[in-house]
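Structure first, then comments.
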Amino acid sequence: MDGLRFPDGFVWGAATSAYQVEGATTEDGRGESVWDIFAAVPGNVENGESGDPGAGHYHRYAEDLDLMADLGLHSYRFSIAWPRIQPSGSGAPNQKGLDFYRRLVAGLAERGIRPMATLFHWDLPQDLQYLGGWENRDTAARFADYASIVFEALEIGDWLTINEPKTVVESGYRFGVHAPGIKDDARAYVACHHLLLAHGLASQALHALRPDARIGPALNLHPTYPADDTPEAREAARHRDGLENRLYLDPIFKGRYPEDTLRWLAERGPIKEHILDGDLAIISEPVDLLGVQYYTPVFVNGAGERVFLHPKAQAEWLEIYPEGLHDLLVRLRDDHPGVPLVVTENGMPALDRPGPDGRVRDDDRITFLRDHLLAMHRAIEEGARVEGYHVWSLLDNYEWAEGYGQRFGIVYVDYPTLRRIPKDSALWYRDVIKNGELR
Ligand code: GBH
């Protein structure tokens with residue numbers, strides 16, 4: 001193939017999150033997060049692993065900045081650890097915590113790399129969990145206070161509020177496989193409403209404090225398809241689309257919950273009682289950019305079960321279907337026109353390791369990324385307003401309940417030494433960025 005060009009100014013990036021890469025969980029006054037507590041319970045995480053060492057990024061950030069510059073990244077998406085800024089979730093900021101992100105942002109500026117910061121990537125201060133966590137409406141107000149602290153302290157133009165509210169709701173509160181480890185549908189959807197409220201309050205705060213900056217949610221969206229051509233499967237896919245996508249998109253973009261989904265939720269718990277007058281006006285604060293995280297589609301059969309029709313990556317849940325990214329971006333173009341889209345995560349795990357020559361050959365990842373970039377390119381040609389793309393992840397890191405076994409990085413991390421080795425995919429990505437095209 002020759003020369004599939006991306007638009008001028010297209011932003012190429014890579015993403016990480018604080019708990020997954022920083023390590024240093026007890027340093028410089030950081031408070032405990034729900035993940036420190038969750039990971040310490042035997043059985044919750046593969047091999048009992050925790051966010052220490054992560055990728056050792058807290059101490060190696062300068063080396064990582066050089067790595068980003070070597071790869072030619074235009075943008076680096078990272079998250080700020082709330083427990084570093086407010087160790088118990090409220091009150092005066094911890095300057096040492098802020099200083100770490102000040103140094104990081106300054107280092108990005110020196111290298112001409114744009115920062116994109118996520119306010120919340122799942123590491124809630126544990127003291128707020130003791131007060132009810134996201135089930136407590138007050139957590140949304142605490143979040144807006146924390147957000148205002150970092151908005152004032154850090155020179156960052158692009159912000160993301162909540163990383164994947166759906167994952168917090170489902171993995172954290174329905175299935176209990178993530179912190180805080182709750183398995184209760186009724187409680188999950190109360191938490192969902194408060195996560196959305198927190199998104200809205202933080203967006204309002206940024207708009208008041210920094211009118212030139214931009215903010216939006218980072219949603220993991222799942223194009224949902226009927227697995228066969230029956231009315232039952234089509235109906236099941238529509239229901240599932242409500243839970244996967246519309247439950248988050250509609251309140252944020254349209255200021256209302258989807259009727260069918262809300263009815264289903266109301267049969268399971270008291271969500272309606274928690275939706276107060278004015279909440280949806282807050283939640284639908286205008287969105288300046290939408291972070292789109294795409295990994296996998298969801299095909300459902302007539303019984304409403306997810307079925308897998310395509311090959312999987314090295315994760316049970318990740319059915320590889322690049323076409324889904326195209327379909328998703330085109331759908332967003334139609335359903336929510338005008339909003340700039342930024343792909344904030346896309347990638348796959350593998351059991352990478354260096355060969356005898358020290359090189360890490362991850363051809364499957366190159367194929368995966370290339371196929372997704374092709375699908376995205378087609379969506380852009382069809383009018384989807386995609387500004388940029390971030391591969392998940394810059395570095396191998398702590399894959400939550402899977403521990404360190406699933407490597408998503410384009411850069412290999414040797415955990416015993418924390419040495420970094422750019423994988424073949426990183427070298428390939430560097431060329432894509434340099435050329436602005438797929439060859
Ligand atoms: C994203 O989640 C996250 O933002 C990021 O932190 C993470 O590292 C990355 O993707 C890769 O996973 O145990 O079968 O119930 C993606 C959505 C939701 C996928 C939770 C895995 C658990 C599946 N993830 N899900 S299961």
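Keep in mind that glycine also has a Cβ here, set from the backbone N, Cα and C atoms.
All TrEMBL annotations are machine predictions without curation.
TRP400 (substrate binding site) is surrounded by 24 other CB atoms, counting those within 10 A of its CB over all protein chains shown. According to TrEMBL, the substrate binding site annotation covers GLN20, HIS121, ASN163, TYR295, TRP392, GLU399, TRP400.
When secondary structure is read from DSSP and collapsed to three states, GLU164 (active site, proton donor) falls in the coil class. Annotated active site, proton donor per TrEMBL: GLU164, in sequence order.
Within 10 Å of the C-beta of GLU345 (active site, nucleophile) there are 23 other C-beta atoms, taking all protein chains into account. Per TrEMBL, active site, nucleophile is recorded for GLU345.
The distance from the Cα of TRP400 (substrate binding site) to the Cα of GLU164 (active site, proton donor) comes to 14 Å. Distance from the CA of GLN20 (substrate binding site) to the CA of GLU164 (active site, proton donor) is 15 Å.
For HIS121 (substrate binding site), applying a Cβ distance below 8 Å and a minimum sequence separation of six or more within one chain yields SER17, ALA18, TYR19, GLN20, SER79, ASN163. In this structure the alpha carbons, written CA, of TRP392 (substrate binding site) and GLU345 (active site, nucleophile) are 5 Å apart.
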